[in-house]
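A.B. asks: Below are the structure tokens for one structure; questions will follow.
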Amino acid sequence: MVWGKICWFSQRAGWTVFAESQISLSCSLCLHSGDQEAQNPNLVSQLCGVFLQNETNETIHMQMSMAVGQQALPLNIIAPKAVLVSLCGVLLNGTVFWLLCCGATNPYMVYILHLVAADVIYLCCSAVGFLQVTLLTYHGVVFFIPDFLAILSPFSFEVCLCLLVAISTERCVCVLFPIWYRCHRPKYTSNVVCTLIWGLPFCINIVKSLFLTYWKHVKACVIFLKLSGLFHAILSLVMCVSSLTLLIRFLCCSQQQKATRVYAVVQISAPMFLLWALPLSVAPLITDFKMFVTTSYLISLFLIINSSANPIIYFFVGSLRKKRLKESLRVILQRALADKPEVGRNKKAAGIDPMEQPHSTQHVENLLPREHRVDVET
């Protein structure tokens, strides 16, 4: 079975770069497997990720070398670049985290702060996984990754997905119900939502790890993986609906409502994530092992690029239409995540000078009569 090879490929070798696509592939496998899992003990051990403990390092080294040799070209091209992009992404996201750590003044900054932290975790796990592949491909060196990284990688990916859904949904509520959002929104909603987002995927991945590694219950394993795949599909659908609603609202009411920079950040980040993660929907349709390995590498590389590009989006939106060259990164970042329209810039873009408005102080003073003193000589 293809799944048995993939389970070994990602779990036993410690290649966390395939973790995000295992759930999607398992859903398609369950449609074909039926009740054969209970009749085939070998398939049971492969499906649940239960591996023999008495394998020697030489055997594992030989198996990994054979698996890598089947996809030498994608490894030579993708793995080193993925390591480099991951390290650059860690540096960029780390800078954003440091700038926002003490300056989260609105709900969107709180969400972005947690999103950056999840991106850093995911990029670190991906860098370690691809570094293992690179060393094995070019130098034949094998080192084993701790087991907790196999949980940490999909956990951080799911946190990123949930945070993007929360950001899109909150922005959608803010645009559709502005009065309720400004007056009745609970103050600590962002902190509570972020806490739940970190806790829910953590519990899901812990239970998934128990199903796959210790309990050896195939039926429960299959049901759980189906539910996990459904959970991912629902989150992606909610993000699509929120982004589309924001876009339609902006196109229909662009004259009445002034767009903020954080709106631009949301409208760029959410579709970019969906675009880079789009190949995930293709993975369940692949039955060839070699093709699945190549697709898994590409999916991982795309997700790494997306996580690394988020800070570039923040700084680009924050510095857009600003002619000041000497501005700190903190000011640019705070401007990008500000939830207030820039009145002066919008009026200037419309050809209106704010100082010439009828309600401005200068205009009122010009309308007042001036006093004239006349010195009368006696």
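Heads up, the Cβ atoms here are built off N, Cα and C, so glycines get one too.
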A.B. asks: Kindly tell me whether the record in Swiss-Prot places Y108 on the same side of the membrane as A338.
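C.D. replies: Checking Swiss-Prot: the two residues are co-localised relative to the membrane.
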A.B. asks: If I look at Swiss-Prot, which residue among N54, N306 would I find recorded as N-linked glycosylation site?
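C.D. replies: Among N54, N306, the residue Swiss-Prot annotates as N-linked glycosylation site is N54.
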A.B. asks: Return the stretch with the most CB pairs under 8 A relative to the transmembrane segment (222-248), choosing among 110-136, 155-169, 298-317.
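C.D. replies: The stretch with the most close Cβ contacts to the transmembrane segment (222-248) is 155-169.
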A.B. asks: In the same chain, who gets a Cβ under 8 Å from the transmembrane segment (298-317) while lying at least 6 residues past its ends?
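C.D. replies: Distant contacts of the transmembrane segment (298-317): 17-18, 20-21, 74, 78, 81-82, 85-86, 88-89, 92-93, 95-96, 112, 115-116, 119, 122-123, 126, 129-130, 157, 160, 261, 264-265, 268-269, 272-273, 276-277, 279-280, 283, 329, 332-333, 336-337.
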A.B. asks: May I have the DSSP-based helix, strand and coil counts for the residues of the topological domain 'Extracellular' (137-154)?
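C.D. replies: Tallying H, G and I as helix, E and B as strand, the rest coil: 11 helix, 0 strand, 7 coil.
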A.B. asks: Going along the chain, which residues at least six beyond the ends of the transmembrane segment (110-136) come within the CB cut-off of under 8 Å?
C.D. replies: 13-17, 64-65, 68, 75, 78-80, 82-83, 86-87, 89-90, 93-94, 96-97, 100-101, 104, 142-143, 145, 149, 152-153, 155-157, 159-160, 163-164, 166-167, 170, 190-191, 193-194, 197-198, 265, 300, 303-304, 307-308, 310-311, 314, 337
A.B. asks: Quickly jot the same-chain residues contacting the topological domain 'Cytoplasmic' (170-191) by Cβ under 8 Å, restricted to those at least six beyond its ends, or write none.
C.D. replies: 107-108, 110-111, 242, 245-246, 249-250, 257, 262-263, 266, 339
